[in-house]
Amino acid sequence: MDTNRPAHTEAGDSTAADEEAKKAAAAAAAKLANRLPELRLVVLGWRWPGKSLTGNTIIGREEFRLERAAEFCVKRQTEVLERQVTVVDTPGWFSTQDTPPSYKEELLRGASLCPPGPHAFLLVIPVGMFTEVDRARIEEHVSLFGERVWRQTIVVFTWAEVLRNISIERYIRREGKDLKWVLEKCKRRYFVINNCIFGEHPQVGRLLEKVEKLVAEEGGIYNPEEVEEKKKKEEEEVKEKEEKKPLDENQNPAREGRELGARPKQNSGLNLSKAMEVESLSN
Ligand SMILES: Nc1nc2c(ncn2[C@@H]2O[C@H](COP(=O)(O)OP(=O)(O)O)[C@@H](O)[C@H]2O)c(=O)[nH]1
Ligand SMILES: [Mg+2]
């Protein structure tokens, strides 16, 4: 019986190895099928989590200045791993105070700097304590681009070296509901970047492949003009509805009479009797 065992295991191993090889080949084929010749990315986040440095890591050169009080978007373009890559670095939003309107406008401008629109928004979050306020600030600023933006967003974790031996999955679990909320909004698409590694490294290729997978899954890009048009249409619809409202009520004078006439009288009668009660008690 023992003699059969190694032969059986070998056969089992080779089947498992075949399966692995097939899976790897399928994954490689999918990556190739998703491949795009051009990629446009917009980097988002609050101030100082590593947006500009992430841009530099992707571009492979020190193109974006690391400055605390950046006010304007900066666009850079270069060839990365046989793709024409455009990165738009945006000024971050304020993490606790209100973000001035001019910063918000500049943030929005970022999406229109790479026509016909970005393939992905990279929402940069430094690994560390993530609070309810952080979540609310992200929601407020990301939603300036419209709800559609979440479909094109990938969370990019920076400062991941502080995790040491903890896996990113464990960190996400430990941080709790606020960080989870953000991740759920972008269908749990996240990427851990190591901004201490510069130059040739597989991480940039992996990030670009992740963007390409997102485009394949979501079936398109974020088109700022389309979103703006939709926003305008929705606003017009709301305005139209509001304009129609008083007209409808005026068309039913009987109802108007009932509502405007009967109720105040009833109420005032009630109030009067209550007031009398109080008065009589106090007497
Ligand atoms: N150790 C470490 N430092 C980082 C990382 N990302 C950014 N930094 C540093 O954090 C500071 C802010 O980075 P910057 O890219 O200018 O932030 P931005 O305001 O979001 O553009 C700079 O001193 C960077 O060198 C990271 O992943 N690890
Ligand atoms: Mg910056």
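Each Cβ is built from the backbone N, Cα and C atoms, and glycine gets one as well.
Model, not experiment: these values are computed from the prediction.
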Which listed span TrEMBL calls region 'Disordered', if the choices are 1-22, 89-110: 1-22
Local confidence of the domain 'AIG1-type G' (36-231) - pLDDT mean: 95
Counts by DSSP class (helix H/G/I, strand E/B, coil) across the compositional bias 'Basic and acidic residues' (228-248): 21 helix, 0 strand, 0 coil
